Amino acid sequence: MIRIGIHGASGKMGYEIISNLKNNEQAILSVAYTIEPMPFDVGDAIVTNDLKTLFDNSDVIIDFSIKDGAVNLINYARTNPKPLIIGTTGLGSEGDELIKLASSVMPILQATNMSLGVAVLNRLTEFASRVLDGFDIEIVEMHHRRKVDAPSGTALTLATHAAKARNLTLDSVRVSGRDGMIGARSKDEIAVMSLRGGDIVGRHTVGFYNDGEFIELNHTATSRATFAKGAIKAAIWIKSKEPKLYSIYDCLGL
């Protein structure tokens, strides 16, 4: 059995992963790392706030924490290599560069979204952006009121795929909001808008708009379990991989 440690175990994703590990035939929960009191039962797993304990008792570590916590984890792993699944979003360019650097000594899979459906949506977005070259692209993401980062990492990934398909860099065309007399929409811009409210797990819409017609691609998550199952699948997959930075597409064969 593969021993999986959860970094950020007391959060919502930690709960979902731990719940989905209970009946898994290939992996078990070995360590629940948290700086907060554990709000639910983790069985025989070790509960700790010590990174050494987490690393010593895990074959693979799944991270769903916050930016500072994820950065600390990765820095520790650079001198104590261990396969990592990084699901924390909002790390910024410095965090992404740190992950690339760390992947030279351990296998790391970084994904802004662990679901199969979103992985397919990314591929569809790239295809549609290339084929529908003259269409305007607008992306809208919706999440629960407690989500702290905006736009979502998934929305930015979708926008990156759209820009890449048109040989553009996202930074050069991204629009985050519109207000006032801003003038007409430019040809290449890609808008990424965020809505927050209620308990929405996650909804992403990529719209392609032209005169006389439009297409909208949509993914709605109704349960965090879909992300948890994807993270566990990735953890099992990455255990035997060589040091490298992997994507969810590598794991899913897309």
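Cβ coordinates come from backbone N, Cα and C, glycine included.
The following features are taken from Swiss-Prot:
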type	residues	note
BINDING	GLY8, ALA9, SER10, GLY11, LYS12, MET13, GLY87, THR88, THR89, ALA111, THR112, ASN113, MET114	NAD(+) binding site
ACT_SITE	HIS143	active site, proton donor/acceptor
BINDING	HIS144, GLY153, THR154	(S)-2,3,4,5-tetrahydrodipicolinate binding site
ACT_SITE	LYS147	active site, proton donor
Between the Cα atoms of MET114 (NAD(+) binding site) and the residue listed as 'active site, proton donor', what distance do you get, rounded to the nearest Å?
17
From recorded positions HIS143, HIS144, LYS147, GLY153, THR154, the one whose Cα lies nearest THR89 (NAD(+) binding site)
GLY153
What's the CA-CA gap between the residue listed as 'active site, proton donor' and SER10 (NAD(+) binding site) in angstrom, rounded?
16
Taking the recorded (S)-2,3,4,5-tetrahydrodipicolinate site as HIS144, GLY153, THR154, identify the other residues of that chain whose CB atom sits within 8 Å of the mean position of the site's CB atoms, giving them in sequence order.
THR89, THR112, ASN113, GLU141, HIS143, LYS147, ASP149, SER152, ALA155, GLY202
Among GLY8, ALA9, SER10, GLY11, LYS12, MET13, GLY87, THR88, THR89, ALA111, THR112, ASN113, MET114, the record's NAD(+)-binding residues, the widest C-alpha separation in angstrom comes to 20
So among GLY8, SER10, LYS12, GLY87, THR112, all listed as binding-site residues, which is physically nearest to HIS144 ((S)-2,3,4,5-tetrahydrodipicolinate binding site)? Use the C-alpha atoms.
LYS12
